[in-house]
Amino acid sequence: MNYKIAVIKGDGIGPEIVEASMKVLDKIGEKYNHTFDYTEVLAGGAAIDACDTPLPQKTVDICKASDAVLLGALGGPKWDNLPGDKRPEAGLLGIRKALGLFANLRPAMLFEELRDASPLKSEIIGDGLDVLVVRELTGDVYFGEKKKDGDFGASDLMNYTRPEVERIARVAFDSAKKRGGKVTSVDKANVLETSRFWRSVVLEIAKEYPDVELDHLYVDNAAMQLVINPHQFDVILTGNLFGDILSDEASMLTGSIGMLPSASLGEGKFGMYEPIHGSAPDIAGQDKANPIATVLSVAMMLRYSLGLSDEADNIEEAVKKTLAQGYRTGDIAGDNSNVVGCVEMGERIISSL
Ligand code: NAD
Ligand code: IPM
Ligand code: MN
């Protein structure tokens, strides 16, 4: 089969991690007899430099005409002083919105080989750690009205509507049904009206899923529970802002933010696949970035958008095998590791396919 993939390499380490991941995908194509046709498009800082906008319309059009989108990371210090709507990050938010990608799945799964890479004690990490963060991606304070009152102050409106909460809640409950059967909804309902509303809608949707256990945590407590007892979680259902923060925290349970992939999905099979981390300007251009989060995002793309689950399994097994052979980028390296760069990590994964 022939698949159309739009590719947004992005800024900072974006091109390095995406190029390594495309080579893995090409090898999968060779092995299983698929062709992946890439169309490279610009967004973020690269698009600002080339076209003076963080999200050219052409990028949106080509993404919409593709089977899936692969994205590295956007942003960097070069563009940090631009006004909010002209920043690279506005391109990322704009593309998620334009493509209707309201559900961001961020799986924090520990590869046993990386138990020692996490700063948390081994007994807390435990066995078989597997938490799925279901983050709402096109609402919340990210997309509410923004105001700036000269030098005096500023505001960002936090809001959620019933359809927005209902659809993301269903994604979380449907996921939980196929996994550990538990949803923990995370909010700040002791303070925020938005969160009280969120909680009431989640409780209504829960009635459609009598077999799924539901509990609620305030976000401050959830942040603490994640590092003291992560095994209580199966699916974490939360809003855009809390999900952003908690997923970076959850990534450290797996050893590094460089390990966590994500799928951004809408109503159909189409999706955008992106590591949860950013453009890591501190290590960009040095061949130090860990490409595994992006490689695992490619596996999610094969599974969710292209329906190629054997191929996805193959990539995940190859990552595991490579880690078992001791190969590590700097962010996950330990005492006896074979420390490799981004390019070599990609090549080692390809050899393990
Ligand atoms: P970051 O995730 O880029 O980096 C945080 C830390 O993690 C850094 O020390 C970095 O070196 C390290 N790190 C991140 N990814 C890594 C990898 N694959 N391998 C090894 N180490 C890795 O977060 P930040 O520094 O807060 O943000 C930098 C820029 O990225 C900002 O412009 C921010 O807006 C943007 N950003 C973009 C995305 C995205 O495009 N999805 C996500 C987060 C941040
Ligand atoms: C992420 C990033 C983005 C977000 C930024 C860069 C807009 O942190 O993908 O996690 O907050 O969603
Ligand atoms: Mn983030």
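Here the Cβ of each residue, glycine as well, is placed from N, Cα and C on the backbone.
Residues or ranges marked as domain 'Isopropylmalate dehydrogenase-like' in TrEMBL: 4-349. If you look up TrEMBL, you'll see 76-89, 278-290 marked as NAD(+) binding site. As annotated by TrEMBL, substrate binding site applies to R96, R106, R135, D220. TrEMBL lists Y142, K188 with the feature site 'Important for catalysis'. What TrEMBL lists as Mg(2+) binding site is D220, D244, D248.
With a 10 A radius on its CB, D80 (NAD(+) binding site) counts 12 other CB atoms from all the protein chains. Counting other C-beta atoms within 10 Å of each candidate's C-beta, the recorded positions R96, R106, R135, K188, K288 are led by R135.
Other Cβ atoms within 10 Å of the Cβ of A280 (NAD(+) binding site) number 23 in total over all chains. Using CA atoms as reference points, the recorded positions P88, K188, A280, A284, K288 were checked against D220 (substrate binding site), and the closest is K188. When the binding-site residues G84, R135, D244 are checked against ligand 2, D244 have a Cβ within less than 6 Å of one of its atoms. Contact annotation for recorded positions (G76, D80, Y142, D220, D244, D248) versus ligand 1: G76, each with CB under 6 Å from a ligand atom. Each of the binding-site residues D220, D248 was scored by other CB atoms within 10 A of its CB, and the lowest score goes to D220.
Taking the centroid of the Cβ atoms of D220, D244, D248 as the Mg(2+) site, the other same-chain residues with Cβ within 8 Å of it are V219, A223, L241, F242, G243, I245, L246, S247, E249. For the binding-site residues shown (G84, D244), fewest C-beta neighbours within 10 angstroms: G84.
Reduced to three states, the DSSP call for R106 (substrate binding site) is strand.
Among the record's substrate binders, R96, R106, R135, D220, no two C-alpha atoms are more than 27 Å apart, and one pair sits at exactly that spread. The Cβ of G76 (NAD(+) binding site) lies under 8 Å from the Cβ of D11, G12, G45, P88, S279, P281, A284, each on the same chain and at least six residues away in sequence.
When averaged over the domain 'Isopropylmalate dehydrogenase-like' (4-349), pLDDT in the model lands at 97. Checking each of the binding-site residues G84, R96, R106, A280 against D248 (Mg(2+) binding site) by C-alpha distance, the shortest gap belongs to R106. Ligand 3 lies under 6 Å from the Cβ of the following binding-site residues, listed in sequence order from R106, R135, D244: D244.
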